[in-house]
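Taken from TrEMBL, the feature domain 'CNNM transmembrane' covers 1-184. The domain 'CBS' feature in TrEMBL is assigned to 205-263, 266-323. Look at TrEMBL and you will find 6-28, 56-82, 88-106, 118-137 tagged as transmembrane segment.
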Amino acid sequence: MATDLAIMIVLLGLSAFFSGAETAYMAVDRMRLRQRARTERRARLARGILREPEKLIAALLFCNNLVNVALSALATALAIQVVGERGVLVATAVTTVCLLLFSEITPKTVGVYYAEKIVVAIAPALSWCIRLCYPFVHFLSLASNGLIRLTGLRKPSRRVRLTEEEIAMIIKAGTEEGALDPEKQDMLLGVLSLEKTQVGDIAVPLRDVVSVRLDASYEDVYRTIETHKYARYPVYRDDPSDIVGFIHERDFFLSPNDGSFRLTSIVRAPNFVPELRSIRQQLLNFKKDRAHLSIVVDEYGNVTGIVTMEDVLEEIVGEIQDEHDPQHRWVRKVGDTTYVVEGRTPVRDLNRWLRIGLPEEDVKTLGGLVQKELGRIPLPGDEIALGPYRLHVLEMRGKSVKKIRLDVFVPPTTA
């Protein structure tokens, strides 16, 4: 009897091993396993086993069922010897409880929690087990694949292909778990959006562009540069939309102020780009041309604004702020969760600056968002509520919204 009990304990342990192994291999993080496989032999072996999941599952189920049947048979025979005819009922009850507790629930729970450690640790033993069971595993795999084909289903590629949305979900999950801070999340999500975001989405609108007239005097250009502190300025002929090039402040300050100054002598050739171009392509163009500023045009060739290298980089790394940035000129905090915002402020930028979630679909500016929600030209005093945000029109300039009070009833997160 002692020998039978010892054999039953061994069989129970093997059942636990196969159950836990099955759960661990199904639950393991394949990305982390692939990372470990670069330096660890056992991890490489585990990855090899996972490349043929049908063989893995067939071997584990075959071995587990074989062990469970043997355990049940031995327990029944032993119970009949001890208690007689009632031994079948006793053995069934005891075996069921033991298998559920010690060979199913407990090992599977451990397999979920410690999947990576278990997968790597048992890879050599499991590899030998699959080899020993090869004839049975091969037959079961063929039968399984045949049934799958009969159902009209196709086996998916073993190569892991993540969509952009799945990668974004992984990044956000990493932030929620504390593995990434919000700034790194913004950078990674910014990289993912490079192909989807168009130049027109981030361009500075023409009405907000600080430019200089082609026939401007040295003093006029000097005042413009001292006032706005930018490095580059578009140059126009008769109308701000008639851009003929741009100047760099460095070239201007290297020019003589002796009465012979002509702005045309330092004007650089403009680079026109369509507003529908992706900012990924624009970044590549900036790099190839060693440029930092381009003139944005619509499908009809009309100038709609400018885009700079900084605008593109800010989509990845976040705002590159200094005292002359739009955030400081367009957004003014007047309370704990209350802001006075220029109507021309891009909604995308405002969401990033304040870490809020105003809707960005089909609108570019905060004033445009208010007009879209109202369905008409706004008037001073108009107010709309968007979830935890309330927008109150403070001032109009013609038909455009000049200033808006933004109340955030859920405090924005700290950047």
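Cβ from N, Cα, C; glycine included.
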Suppose I define contact as three or more CB-CB distances under 8 A, residues 6 or more apart in sequence; do the transmembrane segment (88-106) and the transmembrane segment (118-137) meet it? no
State the non-local partners of the transmembrane segment (118-137) in its own chain: residues 6+ outside its ends, Cβ under 8 Å from one of its Cβ atoms. 17, 20-21, 24-25, 28, 33, 36, 40, 42-43, 45-46, 48-49, 55-56, 58-59, 62-63, 110-111
Using DSSP, tally how many residues of the domain 'CBS' (266-323) sit in helix, strand and coil. 20 helix, 16 strand, 22 coil
